[in-house]
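K.L.:
Before I ask anything, here is the structure I am working with.
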Amino acid sequence: MKKRIPTLLATMIASALYSHQGLAADLASQCMLGVPSYDRPLVKGDTNDLPVTINADNAKGNYPDDAVFTGNVDIMQGNSRLQADEVQLHQKQAEGQPEPVRTVDALGNVHYDDNQVILKGPKGWANLNTKDTNVWEGDYQMVGRQGRGKADLMKQRGENRYTILENGSFTSCLPGSDTWSVVGSEVIHDREEQVAEIWNARFKVGPVPIFYSPYLQLPVGDKRRSGFLIPNAKYTTKNYFEFYLPYYWNIAPNMDATITPHYMHRRGNIMWENEFRYLMQAGAGLMELDYLPSDKVYEDEHPKEGDKHRWLFYWQHSGVMDQVWRFNVDYTKVSDSSYFNDFDSKYGSSTDGYATQKFSVGYAVQNFDATVSTKQFQVFNDQNTSSYSAEPQLDVNYYHNDLGPFDTRIYGQAVHFVNTKDNMPEATRVHLEPTISLPLSNRWGSLNTEAKLMATHYQQTNLDWYNANNSKKLEDSVNRVMPQFKVDGKLIFERDMAMLAPGYTQTLEPRVQYLYVPYRDQSGIYNYDSSLLQSDYNGLFRDRTYGGLDRIASANQVTTGVTTRIYDDAAVERFNVSVGQIYYFTESRTGDDNIKWENDDKTGSLVWAGDTYWRISERWGLRSGVQYDTRLDSVATSSSSLEYRRDQDRLVQLNYRYASPEYIQATLPSYYSTAEQYKNGINQVGAVASWPIADRWSIVGAYYFDTNSSKPADQMLGLQYNSCCYAIRVGYERKLNGWDNDKQHAIYDNAIGFNIELRGLSSNYGLGTQEMLRSNILPYQSSM
């Protein structure tokens, strides 16, 4: 539950542990040039037990009551040092105290320093017993970290635990620059609790105050403390000017919340974004409730709905209790289907098409586990498309390995499917799947022989409307029993590449799998949860062509593949390439005429797939993959990515993405596959780049172009300036945000973002380029 908080006004005394990577390290080093360091040996132990050393040009006194030192006075005790033109030492025996009270008055060019702070002023006072120190009308500077300011009176109390400023100011900017500062009539900073209390707080940019609060209690370190976080602002075409002012609330050691008023000018209201985190015996989780009381844009577009409250609720939970119980929640629900088109949210996207609402409770012990779950979908589609929910679903697994040379498993499932429409089929499905396998392996190969029986019973209801409108009739009660047999063998050959590359090693890994599943006509079963699985190289060796249990395709096939890898002398993989195919002895089918290729009687080498990775050097990397399906008569999908990465702030990446229209029609639901934006498939080229362009300036950008539509799919450009005491980030993004069916063209959203970050308050001196790239609608993913 630990949370780092870069607060707006939590600037009094902040720890700065600098990173040492790329430009961030250079900037951190530059910022430290104006920061003093503690170069004397660090003294440990009780300060009162340490001797006091006084050096001066002249001294006179009335022993043991007082003494006066003048001329280059230098007093040291432990890690503390006091220098002045004149120092008056007073010693009084307090009644009932074994030790006398020793105080010091310092006059002229007073300089106090220890391993945490430097105080300078014309007049000072110190208690040598308690180490309490006062300096009037002076300056202070943090030692070993950014932070300086002025005050009418500066106090050190509680063995340097507290710093108290009267009419004081603070900035993390280096000397000679007061770009921003915070001023308070009184400031009390508690180093131990890492909190600052500020009365009459004014935040200033240059000499101009822009924010005022009569009282603030702010976090000033890594401890979780309630307080305002750094605000943010941006401009978008869908919401115009937007402003965020988050507030962090440390409720308890095991729970906290972030409350963010989010003003949207075009919507004419404030959305309240409320994030709550918790940690308890049953697990950890996060809840988000976003609420917009009214939306004048939505009301104009949907006048029949009146004054619409718009909201989002998200709940994620994962936990284990008593080592055997498992609890999981993944729940997202919004007020309407346009929510993710109108508002940016990290809990969903307009391109997702639906929101998932899943609850599960599991029980697991050795050799056995069981899970009860419910799963629903909120579909965002104007065509009022139906969807199925599992209410409820029971999954059971029993394992018994090392039964002689065999491993055994029994998997069972019972689920009830309910549709969002009243006239669609519904069903109860019970599935039992016993498996026995014989695994054999050694260091150079493996052979796994497996046999299983898949028995499924369907009890289907509400079939009248469907059977009346379709030539293929569904049956009330269906039993499907299918055996499966599989043999999977793999070898690993290894050789030293001493002749070509000394120290390098190459492997050759051939793999062969035979799979047999007899054909069963499944046309009398409605498809409740099955969809085609993508066939990359690893996918060639799956047992199933479809996910779910409603469609289990017949198989009489051999899958062959080979992988070769190259490792350097440090055992780092530098290169690999895999290629494989599925050879069908008989047609793979389910009896479902709605599946296009089942109408074609094709056998032979139907599916090919290949993947490759090449780490060309420490700075260059290449990944690519291609899948070809003769049943679709086309390349199904392909992708490639070439990246140059000098460090975390300097990178260029070129990308290509392709999905054939036949593949989309075969894999996506009909309301997507027939949509205008997908009917020609996906064929995109793009580039992502991040590069410093001048001292402390950096630029990032992303551009993706769809060659089918001859239009850009996504564009992003960001510019950031980074200094020791602040960073400014400006970004522009134009992204696809839907499709206008009436006008038959894409809808784009233009967004301009503006963010200011105060520096010197945390350990991060990076340029922020990675964050900007990953926030893109087509987020950056490393190829290295």
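Glycine residues also receive a Cβ, built from the backbone N, Cα and C atoms like all the rest.
Predicted, not measured: the structure shown is a model, and the values here were computed from it.
Below are the features listed in Swiss-Prot for this protein:
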DISULFID  CYS31-CYS724  disulfide bond
DISULFID  CYS173-CYS725  disulfide bond
SIGNAL    1-24  signal peptide
K.L.:
Using C-alpha atoms only, work out the spacing between CYS31 (disulfide bond) and CYS725 (disulfide bond) and round it to an integer in Å.
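P.N.:
Pair distance, Cα basis, whole Å: 9 Å.
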K.L.:
Provide the three-state secondary structure of CYS724 (disulfide bond) computed with DSSP.
P.N.:
coil
K.L.:
Among all the protein chains here, how many other CB atoms are within 10 A of the CB of CYS724 (disulfide bond)?
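P.N.:
CYS724 (disulfide bond) is surrounded by 23 other Cβ atoms within 10 Å.
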K.L.:
Measuring Cα to Cα, how many Å separate CYS173 (disulfide bond) from CYS724 (disulfide bond)?
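P.N.:
Between the Cα atoms of CYS173 (disulfide bond) and CYS724 (disulfide bond), the distance comes to 6 Å.
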K.L.:
10 Å Cβ neighbour count around CYS173 (disulfide bond)?
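P.N.:
Excluding its own Cβ, CYS173 (disulfide bond) sees 22 Cβ atoms within 10 Å.
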K.L.:
Please classify the secondary structure at CYS173 (disulfide bond) using three-state DSSP.
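P.N.:
The three-state answer is coil.
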